[in-house]
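Take a look at the structure set out below.
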């Protein structure tokens with residue numbers, strides 16, 4: 001195996017590793033794709049079951065909505081609930097159709113049974129709605145409306161007859177009617193029929209005039225027939241209501257069972273999907289382990305076939321780099337990259353042997369050249385040392401004379417060419433230094449004379465500056481007092497403006513209060529009108545109560561001895577109704593008087609509001625004037641404060657000028673002392689022979705005793721400068 005690998009290049013070996021890795025990855029990918037297909041099938045089945053389960057839940061919710069619309073119809077008796085029930089029925093049948101499209105035979109049978117029972121429930125509700133519509137969805141429609149219209153016709157005609165027996169019989173008919181409507185008991189129908197016969201007999205006995213009796217009997221016949229039909233339909237409606245509830249009770253558990261079947265099927269599909277995923281993961285793990293083992297083995301073999309010869313060649317390189325050229329290069333007969341490296345290493349070995357020979361020859365040549373260079377360098381250093389001693393000797397002599405203060409010497413003996421420029425530079429420096437000392441002597445004389453004149457002018461300037469500072473200080477104090485007075489006036493104007501603003505606010509607030517009072521009065525007036533309406537209603541109720549008490553008295557009279565107590569109560573109720581009517585009338589009169597008084601109060605409050613509004617306008621005008629006064633005072637205060645600040649700054653500047661003048665005076669005295677010391681120092685130097693030294697001494701004498709005639713022009717010049725500076729600074733304003 002190793003011989004086979006040694007004949008392959010390293011790239012080919014690495015390509016073998018890549019092929020092994022790709023084969024393993026391909027196997028794992030194929031297993032993953034197979035698993036994904038299996039999972040996709042189970043997932044699609046689970047999704048279909050989940051969708052169907054959601055549709056079943058929607059179906060259950062829709063049927064529950066049917067039940068709610070049914071109850072709403074029975075409570076409200078409106079057509080909207082019937083339409084909502086029909087819409088829910090359409091939705092439920094659509095959902096059943098969608099579920100039938102993708103189910104097995106067992107679930108299809110369940111869906112058919114549910115659909116059949118649901119159709120029975122919808123048909124029962126349709127019958128129930130029809131019966132209720134026949135009875136009447138409100139008191140003015142259907143059979144109930146017909147009964148109501150006939151009863152009202154009879155009661156209106158009985159009101160003109162004033163027959164208590166017929167009125168009592170009519171009330172009994174209404175009572176049997178209401179009892180049947182509430183209890184749905186057939187015995188009330190029979191009692192109602194018997195009472196109609198009694199009413200007919202009473203009408204034949206008490207109503208002699210046919211023009212009165214015939215309309216009442218005709219309306220009674222209509223009323224009796226309508227009630228009989230109403231009773232029959234009401235009993236049928238009760239049966240339809242019972243059938244509707246029973247059919248819904250059958251549908252509901254069937255829906256729950258269907259939901260449970262879909263949930264079980266979904267759980268079974270999920271379980272099968274999990275089992276398939278586990279099997280696929282086991283296959284993937286096995287394939288991955290086999291691929292890893294094969295890949296590790298291939299990497300080990302190929303890596304060893306590459307690493308061993310490279311290590312041998314590396315050791316040979318390290319030995320050759322250490323200078324040992326007698327080694328044998330390994331791997332010269334190989335046909336791969338390592339054989340090429342061994343061939344190159346053998347070339348390096350031969351080159352190293354040749355380089356060693358050349359280095360030995362070069363070392364001998366470098367030793368001969370180094371000896372010749374050392375000899376020539378020693379000769380050059382000796383010659384340079386001689387020239388340096390000659391130049392330093394001449395320079396040392398000149399520097400000693402310069403240190404003694406002699407500036408008249410010159411170095412005339414020439415130096416070596418390398419140091420000749422240094423000799424010329426020293427001679428030129430001594431010459432320039434002598435000229436400079438002569439000029440310094442003249443300048444020292446001028447400084448001495450000028451410093452005396454500066455000192456006199458500074459004394460005069462100091463006195464005038466102190467006078468100006470005192471004047472500025474008095475001016476600043478006066479401005480401070482004026483500024484304080486103006487600030488006090490501005491503050492009082494602000495306080496007066498604040499008082500005016502508060503007065504304006506109080507006036508506005510009072511106007512709002514008056515407006516609120518007017519609104520309250522108007523609301524009281526409206527409440528009085530509403531109370532009057534309520535009293536009218538109470539009066540009407542008292543009238544109706546009186547009428548009912550009268551009917552109760554008639555009924556008690558018919559009852560005989562058993563109704564005496566009830567007759568007493570009816571009499572008391574009548575008296576109470578009469579007293580209530582009388583009290584309502586008195587209250588209405590009182591409310592009318594109160595309404596008149598409230599209108600008068602509203603008028604007075606409105607006039608008060610107008611007066612307060614005028615007062616507010618006057619206060620607002622006063623507030624504007626006070627605001628203008630306060631603004632003017634504030635601007636004056638700000639202006640005076642700025643002037644005061646400027647004067648204080650001028651006072652400070654003047655004080656600073658006085659201090660600077662004193663410093664200038666002290667500096668001029670110091671300058672005179674330094675000028676005298678400078679003359680003494682310059683007299684120690686000797687410059688260009690005896691004549692120049694004598695000239696220097698004469699200059700020093702002149703500086704020691706300055707001429708009075710020359711001091712006066714300087715003093716007058718300093719005075720003109722001081723006056724000019726004062727004019728430029730604006731001091732003449734004070």
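One-based numbering along the chain as shown.
The backbone N, Cα and C atoms fix where each Cβ goes, and this holds for glycine too.
Since the structure is predicted, the reported quantities are computational estimates derived from the model, not experimental observations.
Feature transmembrane segment, per TrEMBL, maps to range 14-34 of the set 14-34, 35-55. Among the residue ranges 234-256, 257-279, 280-302, 303-325, the one that TrEMBL annotates as transmembrane segment is 280-302.
Confidence for the domain 'Methyl-accepting transducer' (443-672), expressed as mean pLDDT, is 70.
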